[in-house]
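TrEMBL has this to say about the protein:
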ACT_SITE  Ser172  active site, phosphoserine intermediate
BINDING   Asp128, His235, Thr237, Glu400  Mg(2+) binding site
BINDING   Asp128, Asp405, His409, Asp449, His450, His526  Zn(2+) binding site
TRANSMEM  51-73  transmembrane segment
Amino acid sequence: MIRCGVRQDVNYSSIDGSEGTRMRNVDLNTLPSPSPSSTPMKFYHSNRFKIAATFLLLSLSILITGTCLAYYGKLANNSSATSGSFNLNNLPSEQVIWFEKGEAELLKALNRKENSRKARNVILFVADGMGPNTVTAARIYGFGEDGLMAWEEFPNMGLLKTYCANKLVPDSASTATALFSGVKTNYETSGVDASVDFSNCSASLNSLHQLPTIMSWAQDEGLHTGFVTTTRVTHATPSALYAHVPDRSWECESNMPESAKMQGCTDIATQLVEGNVGQKINVIMGGGRQMLISNISGSEEDPLDHWAGYSKDGRHLIQKWMQKKQEQNRLYQVVQNRDELMAINGTSVNYVLGIFANGHLKYDNELDMGSRSMPSLKEMTVKALQILSSRERGFLLVVEGGLIDQAHHRGKAKKAINEVLAFNNAINASIQALNKEELEDTLIIVTADHSHTLTINGYPDRGTSVFGIAGKSITEGTPYTVLTYGTTRKGFQTDDKCLRKNPATDDTESWEYTQQGAVNTEENNHGGSDVTIHATGAMSHLFHGVHEQSYVAHAISYALRIGRFRENSLVKQLNE
């Protein structure tokens, strides 16, 4: 009987002496038959066992994988019902809208990029008297509860502490001095440090205590400079850019004591035209003709501001400004109404003086936009940008929405809030006026100098007008409005029974309506709360938390490399 050949492994020695195994064919007929006592082949060594084991392991793997997929799929479905991360279609619409808004805001946050390049230009928008409640009310009035103002879309923001050197609640001159010079000073003083007491002329004449500003630093570096305001160009906020006075009311000579004149102090208007900083400003726009020209007459369309006083010494500072520009062989233009402003060719003029009113400009809701009317803040700002940005060097522009504060002081909340919307229009227009490259090179800042005592009250339904009724008092049952003031000039209103007047009997939506207040004061006072600051563009990440108001000037100086930061050694030291 012939048996099949099988493989037999045989030990061998390799050439190099190592042991190995060689296979050869062996004729099984020559092998001895196994004895009855030999051990039979075990089943788990057989091919059948190996095939069965492999099939079993493969089946078990499939079973485990399927179980895991089913478990985690169920977990994901359960998670989507609570987090909205996987299937928003399973959620009620009342939830979906907020998950979608949340994701949109997350995307914006995740895509933020720092722009660390040195700024070529800076535009600083200052809303006088625009506290947080004023912003909220304006947002609701203009865009609804879920809307946003232009600057609220900026990627960087913080808060500014507005107290001044000697007051918990500041005025606009002291806050503007902090913003523009980087030094906090005393209440109602402008452009001098805290060693100068209010109305102390002799102390203000000490040059060591006269503060340089972002405007003077920019001019020193050859940058073009300008400011735009809806108030008088000699008013508190703009005065801090170029003047040094111990009393913000010294806008012209008639407001100064004779003793101060004899000591050699000069008024703000004179410093604007003849001062070292003032005469170098390329763009000046606002009101205040009565401070620059003596003995002018008002009209129904353009009244004098008797609250502030007016010049009587025979001056004509506008003519003096023109004369200086002629002597310096400058390209200049003086404009006094909207038509003249809009006709300016920004590339053909280096200096513009635009004085559009005897006192402050009209409120935005009162502008008639006629041929010889006063321009809007938006129109002045855009034209200023055309003039400043057409030059080879960079620029610094300060824009003040000054009538927000004026309306609040008189208790006219609707006018104040509408002025915020006009301020918003100017910011939007500025962004649109700059091309992409200019926006990358420009630091745009939006802030306020201080707040007011405006409050948003009660629990009105969503969609209620901010000028409407919020609820009723629990004491006398009299309605109260959504907006009220803490301090008020005419808002502490009583009826013939000496009870608080029912505001529902008045037209609370009127431009002239005066909101009620808690405490009678000479005028509606400022508030002492922090104000917000928002920034976009080059170096905008410098505004990131709670800052002293004086920090703004230092950040602008660093962003533009002007003032003390023109020295690269100091910049390098800070960066290290």
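Keep in mind that glycine also has a Cβ here, set from the backbone N, Cα and C atoms.
Whatever TrEMBL says is automated annotation, not expert-curated.
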Nearest recorded site to His235 (Mg(2+) binding site) by CA-CA distance, among recorded positions Ser172, Asp405, His409, His450, His526: Ser172
Intrachain C-beta neighbours of Asp405 (Zn(2+) binding site), sequence separation six or more, cut-off 8 angstroms: Asp128, Gly129, Ser172, Ala416, His452
Euclidean distance between Cα atoms of Thr237 (Mg(2+) binding site) and His450 (Zn(2+) binding site), Å: 11
Additional residues surrounding Mg(2+), by Cβ distance to the Asp128, His235, Thr237, Glu400 centre under 8 Å: Val126, Ser172, Ala176, Thr229, Thr230, Thr231, Ala236, Pro238, Gly401, Gly402, Asp405, Asp449
Of His409, Asp449, His526, i.e. the binding-site residues, those within 10 Å of Thr237 (Mg(2+) binding site) when Cα atoms are compared: Asp449
Binding-site residues (His409, His450, His526), the one with most neighbouring Cβ atoms at 10 Å: His450
Pairwise CA distance, His409 (Zn(2+) binding site) versus Glu400 (Mg(2+) binding site), rounded so that it is a whole Å: 17
Residue, out of the binding-site residues Asp128, Asp449, whose Cβ gathers the largest set of other Cβ atoms within 10 Å: Asp449
C-alpha spacing of Glu400 (Mg(2+) binding site) relative to His526 (Zn(2+) binding site), in angstrom: 17
His235 (Mg(2+) binding site): tally of other CB atoms within 10 A of its CB: 30
Pairwise CA distance, Asp449 (Zn(2+) binding site) versus Glu400 (Mg(2+) binding site), rounded so that it is a whole Å: 10
